[in-house]
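Enquirer: First the structure, which I've put down as structure tokens, then a few questions once you've had a look.
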Ligand SMILES: [Fe+2]
């Protein structure tokens, strides 16, 4: 585990209060119907490496979890072993989806105190769990929908993941695809709820607003949405929050809310240093990406100027390009990775740009509309 401490982390978003503070995303936990098969998918298709396991063999009677890692991205895939209970209820209502966005903090007790005194609803009170590798302090609060944040203090722990887990070392090994860290995680919330949840992140977590997009920025002829991006002080945690907006046809956010039965995590953006290699590897292993019409590439360089990469492989893969004052970025979006049209991934490579691809919204949403049309949900 990293021994990095908070004093080394530079503050990049001066308006943010940063009273927690957060060093990064610790893990993302999905509640899924079949964790064993989901773990295989994320290893085989996405190149995540096995790290830790909790289940009957490690003394867990009611649930099983697989912990996978690539770069700094840690996924936990959890399924229930018995009928009833909160995990089954979550899967019944939402399908597979993100339950926990865990945040790596220096002091989980203080993080709980600071956020609950500012109005956060408790998920669980601070608790210490330990084994022969040391101890971890955990606490949790609720956020939008049934999603929660767990604060993880692991400075006194040296095991593979957490007490209760043992090392997971299957014979099956795959090569990673070059994913480095979580760039941002987007939440979809219901009609007129965006501001409420941005205020939650500002007031309860001390985050500041980076940018906002209204329905004029993010609309096509048919559909629209609104979005604001909230960031913590060191910029390591960026949470854009989307809400649906009125259009001629059904917003992709409304489609998500309908199938997820409420607010939840829409996409996880993961960073790479070489998007061409990463996306080529993912595609070869069966990950499906949104299709962008070839015409997008006819004038893209007029819009974004010179870039280091050859245009041809980007076009072949369907990678989108955008530029802001600080540089440019390359990005691509997968189709939903679950049966319900809910969660998907974004692969992003930043070459200076700190924005989110505003210039691509129209091309992207037209691509999503084509998919919605095929599903009969437009
Ligand atoms: Fe994104």
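Cβ coordinates are placed from backbone N, Cα and C, and glycine is handled just like the others.
Take a look at what TrEMBL says about it:
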DOMAIN    24-154  domain 'VOC'
DOMAIN    181-335  domain 'VOC'
BINDING   184, 267, 346  Fe cation binding site
Enquirer: Using the Cβ centroid of 184, 267, 346 as the reference point for the Fe cation site, which residues of the same chain not in that list have Cβ within 8 Å?
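Expert: Nearby residues not in the site list: 183, 185, 186, 240, 266, 268, 269, 270, 333, 345, 348.
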Enquirer: Calculate the per-residue pLDDT averaged over the domain 'VOC' (24-154) and state the result as an integer.
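Expert: Here the predicted model's pLDDT, averaged over the domain 'VOC' (24-154), is 97.
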Enquirer: Under DSSP, the domain 'VOC' (24-154) has how many residues in helix, strand and coil?
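Expert: Taking each residue of the domain 'VOC' (24-154) in turn, the totals are 33 helix, 64 strand, 34 coil.
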Enquirer: So if I measure Cβ to Cβ from residue 267 (Fe cation binding site) and keep only same-chain residues at least 6 apart in sequence, which ones fall under 8 Å?
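Expert: Residues satisfying the criterion: 185, 186, 333, 343, 344, 345, 346.
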Enquirer: Can you check what DSSP calls residue 267 (Fe cation binding site), collapsed to helix, strand or coil?
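Expert: Assignment for residue 267 (Fe cation binding site) reads strand.
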Enquirer: Using a Cβ-Cβ cut-off under 8 angstroms and a sequence gap of six or more, which residues of the chain neighbour residue 184 (Fe cation binding site)?
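Expert: Result: 229, 238, 239, 240, 269, 356.
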